[in-house]
Amino acid sequence: MGARASVLTGGKLDRWEKIYLRPGGKKKYMMKHLVWASRELERFACNPSLMETTEGCKQLLQQLEPALKTGSEGLRSLFNTIVVLWCVHQGIPVKDTKEALDQLQEAQQKGKQEVAAATADGTSTVSRNFPIVANAQGQMVHQPISPRTLNAWVKVVEEKAFSPEVIPMFMALSEGATPQDLNTMLNTVGGHQAAMQMLKEVINEEAAEWDRLHPVHAGPVPPGQMREPRGSDIAGTTSTIQEQVGWMTSNPPIPVGDIYKRWIILGLNKIVKMYCPVSILDIKQGPKESFRDYVDRFYKTLRAEQATQEVKNWMTDTLLVQNANPDCKSILRALGPGATLEGDEPAFQGVGGPSHKARVLAEAMSQAQHSNDAKRQFKGPKRIVKCFNCGKEGHIARNCKAPRRKGCWKCGQEGHQMRNCTNERQANFFRETLAFQQGKAREFPSEETRTNSSTNRELRVQGGGTCPEGGSEERGDREQAVSSANFPQISLWQRPVVTVRIEGQLKEALLDTGADDTVLEEIELGGRWKPKMIGGIGGFIKVRQYDNVTIDICGKRAVGTVLVGPTPVNIIGRNILTQIGCTLNFPISPIETVPVSLKPGMDGPRVKQWPLTEEKIRALTEICTEMEKEGKISRVGPENPYNTPIFAIKKKDSTKWRKLVDFRELNKRTQDFWEVQLGIPHPAGLKQKKSVTVLDVGDAYFSCPLDENFRKYTAFTIPSVNNETPGIRYQYNVLPQGWKGSPAIFQSSMTKILEPFRKQNPEIIIYQYMDDLYVGSDLKIELHREKVEELRAHLLKWGFTTPDKKHQKEPPFLWMGYELHPDKWTVQPIQLPEKESWTVNDIQKLIGKLNWACQIYPGIRVKQLCKLIRGTKALTEVVTFTTEAELELAENREILKEPVHGAYYDPSKELIAEIQKQGQGQWTYQIFQEQYKNLKTGKYARMRSAHTNDVKQLTEVVQKVALESIVIWGKVPRFRLPIQKETWEAWWTDYWQATWIPEWEYVNTPPLVKLWYQLEQDPIPGAETFYVDGAANRETKLGKAGYVTDKGRQKIISLTETTNQKAELQAIQLALQDSEVEVNIVTDSQYALGIIQGQPDTSESEIVNQIIEELIKKEKVYLSWVPAHKGIGGNEQIDKLVSSGIRKVLFLDGIDKAQEEHEKYHNNWRAMASDFNLPPIVAKEIVANCDKCQLKGEAIHGQVDCSPGIWQLDCTHLEGKIILVAVHVASGYMEAEVIPAETGQETAYFILKLAGRWPVKVIHTDNGSNFTSSTVKAACWWAGIQQEFGIPYNPQSQGVVESMNKELKKIIGQIRDQAEHLKTAVQMAVFIHNFKRKGGIGGYSAGERIIDILATDIQTTKLQQQISNIQKFRVYYRDSRDPIWKGPAKLLWKGEGAVVLQDQEEIKVVPRRKAKIIRDYGKQMAGDDCVASRQDENQNME
């Protein structure tokens, strides 16, 4: 038996004996089970010695498992025993046999997956997510990306918002993807425009770098050989999926997918850095921050760092220790380099917490060593000292770390000290009467006498009952849900010390909600223990850890870990308190107020109260008196200078009055709020529930307190009739109706209040929008209503009432404008009014009702009704209905006659969306899960551009429906679209980057969407070629349009009231009209080309509609563009024909000079057009022919804060060197310099040089260490410069200088070969940017613009001073022949012969001789010797 029992030894045997035979059972595995198993194995002809190793157990399990299906219960027991034994050998922690079986099953599945993966790797080298597989003919073909993968990617981006986790998720989801797959993934998240723009820029830069490093080989590509991919091919914009597959599967392969993915990851890293701008160097542990929280922050930031894994490993090894607080740093160093965060985390327990200021481990160890040395050196008899305070040996009361006990240390009575004590009795400081006498909760003062202050805290143990001595059993769930008044309560005016029973032993212990663990002084507990060191009040102490110890506290039993050691006081920690439901309570817990402030630099409203009728004053006085009694408002005195006007209106269908406050002025001055809820919940998103209740919160806003510091700004006044008495002034104590902050603060407060109820009742669904609550569950109706009453009681505890009047218990439920039934929903009944005459206001209301109805009534249209009220019309203006609008309204009335209902959402079924074309640019859609049971319907009639087609509009409808579905149901439906695959593919080929739509299928629902015509990609051989052109004179509006053909035909027509763009289109229409069914057309108008290449089938332009009609008649049309004035035969000929008498003569002798200057400076087209008097098209063509200027398009210039004194500074890197760039925000003027190091000293020197050249008021920088240094701050202080720091990812923040960094690098790249050193190239690039590039505001160069801005600023300031001086004077004047002097009037301007003045609202010019100018002395009366006409008129007014 000894040999068989030796299967497990040491710690493994201890773990074996802790595992239960059954879940929830009492029996555990013992030694005898091992002996029995070995005998049974011999009976089954198996080797028992295999039980001694993990591998042996695995072999036994493989042998026994096939026989389980037909085996006996004994065989199953043997198998279970071997499974548990295998877990013990493996070191897998399990509590019982069932957990062991689960662990085995997991291990087996994992093994199968690894085998399958190894097999797949051995047979195929292509991706498993996006496989490129061989078809039946042996060709490699691509399987497209699945909607599930796309949905997962969209969900990641929406939930993680470009946090560091996005990058590994993208890498996983895009494993083996082609560039086309990657572009599809990017298009699905195209709504994040700013992030996608950054990504696009990185991809463009990488593509340009690829082209530079992989130049195209001269000559044609040999037959049978694939061309080499360019940067744009890798990005998927100029390559087909067949080419991408070919490159990826060629020999040797070119992994274009992996290359493109690497570029995207570079861009994602940049985006992540913007979203997570904190540097790893800034992550430092706070003095009171726990080590775990610090490590979490450290690794989260580390994931966002753009560095190699080696660098990140170095950061972990050095920075993690370096930036820890002193306590944790010393512990980390003491633990040594071999320590692991998981294994040594207990060493940091209590370190850095707010209630435990621990000493460092090294110090504790050294103290222990010193004490041992001292003991060895101690000689003579040992004197035992005993503490009077805690009664323990080893220290005296003066050095006692336990809290001081009240009263005499000898007898325990108060009123005297121990030295004056006459009693012989020893005090019992741990007597049971301290907190609970004979097991009962001590009595407390009544609610009336108890203070309402936040210091009146109580510990409450959930569940009634007596203390352990009473021996009461646990009660049922229903008995536990008693009112809080029956819970044992322990006041925190004194220390909460109670008697607890630990494994049958009584102990006094302190209930400590701030302690993690339960720590007791010396107590004998049976069983095994393990050593541990913890941080306590007096430093580190060594303790013994006992697991699964039973503790009884106040009739509640808990089983947990107990630490035993030399603690100054017994502590029951959170590991036990949470099990018994002990909570820290505040008897009266007011809703926490949200701090509110005014906008910076603004003061409260000071609007006078307007007069009110006696009836309204009486009503307001009555309302305010009642509100004052309820505490909603309180009176204020004259010290409050603010006021907001109030008035009263009668309620609908009632004689009662309603108080209204005009908070418009306060709303302008109050800070902005973020709406917590961005939309209203929709019934189509509700899951069908067996039991439903709808509640309404009464006086919602008046239940939430307003920030005390903000209340003074809500003051208002009730006046008295005829000013009989001073007005009564009040201010709000709660959220006022009509104030802009009330909705957001109420929603936030309501969410916090409902959160605990939601956690305690996960089976209850609560939809909350403002004061409307929808409560649904699958409980029986009686139990559901009990839960609703609990919710109402919970809300009432926080001061929110739910009136019975609006408590809906039976269907149909009226909620949010909808009508809810148990199995369906609809909108509340809609009645369309019948009117003889309709005003603009009536039609607006009518359209609103129809728009509301269209979410469930399919087919509703409002386009013709909307046309009736286009333009700026008065609300009361009568509108005449058109025939189309009358017909549309009649159709809508018919639709609304039959009631329509919507279904509820079933998560187990698929979402389907079907779209129909209604004609006239209107579309309808239905979203359903079962046919004819719509969840929701809707319409779409928006034209995003003047010229569009049905395919483009269809994609817009799909995107609207997809977005709506994600909002309501959290996923994208499968679409059924009225368009054939061939039609879609024909349009998608050219416009795949324009938009994204998910998986869809064709449904034959007339009218089908089709492309009415298609333009050819190459010239049509044999077809006549028309060179077309049009021209117009801007002044006379006269023009010509015409064509010439390659066969000698020509035609010119004259036009009136036209423009250049119209004339160009007219010429194309003329060519289409006079040509055969196949035609080639050549134009020099980019405008016309852009419209027609979009293949529109409808347009707001009459001429474009005519062109569309002509295009539909043609079989083949090829349309091409050539630049004007370039000597192209037919183009030049027609240009001369249409220009005669129309266009002004153009002198183009400056082209050569412009080309020469561009080769030197690479200036932009605007600068050349301005400097050399060239047409824009010619200047653009010069830029287009320059290979160095075709890397990227020009940046789109926006506008930020354009104050003249604001500069943005940033450091950028090029060729391994640092360039410090400063940009004048208003003008775009740039100063840049190569600096030797990115230090505060160099930055401060640069700022002082900049301030010496230009007036710098504000500099805006990022949070780099050089900009935040004290040297830079000192330089800014000396130069009087205000320094601001950027907000990450804010376009108003660092956008200008970031854009200029790219522009500077672009210019440097164009002229780099002209300079030997980078610092020279930088200064040359700055010169080119400032003086050789024109555009933007005013068409100036940046250098001209900054001078113009500064000069204008000086002139404006001077003019304001002059105006200010002039306004100090008043004018008396005589008008025509009237001898009476008039005045005083305001002086506006003083000239040599006349003055301009303003008398009341009239402005007059008066001759100088008829005017007398005097200084304005205010209301001071002039004396007898002060005559206005004697004032000196020649005072300096400049």
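Glycine residues also receive a Cβ, built from the backbone N, Cα and C atoms like all the rest.
Residues Asp771, Asp772 are recorded by Swiss-Prot as Mg(2+) 1 binders, and the candidate that the same record lists for that site, out of Asp672, Asp696, Asp707, Asp842, is Asp696. DNA-binding region is the annotation Swiss-Prot gives to one range among 553-600, 937-984, 1321-1368, 1369-1416, and that range is 1369-1416.
Swiss-Prot lists region 'RT 'primer grip'' for one of the ranges 84-92, 264-272, 813-821, namely 813-821. Its Cβ taken as reference, Asp1084 (Mg(2+) 2 binding site) is surrounded by 23 other Cβ atoms within 10 Å in the chains shown. Of the listed binding-site residues His1158, His1162, the Cβ environment within 10 Å is emptiest of other Cβ atoms at His1162. Mean pLDDT for the motif 'Tryptophan repeat motif' (984-1000) in the predicted structure: 54. The sparsest Cβ neighbourhood within 10 Å, among the listed binding-site residues (Asp696, Glu1064, Asp1210, Asp1262), is found at Asp696. Each of the binding-site residues Asp771, Asp1029 was scored by the number of other CB atoms within 10 Å of its CB, and the largest score is that of Asp1029.
For the zinc finger (385-402), the DSSP counts in helix, strand and coil order read 3 helix, 2 strand, 13 coil.
Taking Asp696, Asp771, His1162, Cys1186 as the binding-site residues under consideration, the smallest Cα distance to Glu1064 (Mg(2+) 2 binding site) is found for Cys1186.
Neighbours of the Mg(2+) 1 site: apart from Asp696, Asp771, Asp772, residues of the same chain with C-beta atoms within 8 angstroms of the site's C-beta centroid are Leu695, Val697, Ala700, Tyr769, Met770, Leu773, Lys806. In the three-state DSSP assignment, the secondary structure recorded for His1162 (Zn(2+) binding site) is coil.
Ranked by CA distance from Asp696 (Mg(2+) 1 binding site), the binding-site residues Asp1029, His1158, Asp1262 have Asp1262 at the top as the closest. Glu1064 (Mg(2+) 2 binding site) carries a helical DSSP state (H, G or I). Counting other CB atoms no more than 10 Å from each candidate's CB, the binding-site residues Asp772, Cys1186 peak at Asp772. Reduced to three states, the DSSP call for Asp1029 (Mg(2+) 2 binding site) is strand. Of the recorded residues, Asp1029 (Mg(2+) 2 binding site) and Asp1210 (Mg(2+) 3 binding site) place their C-alpha atoms 49 Å from one another.
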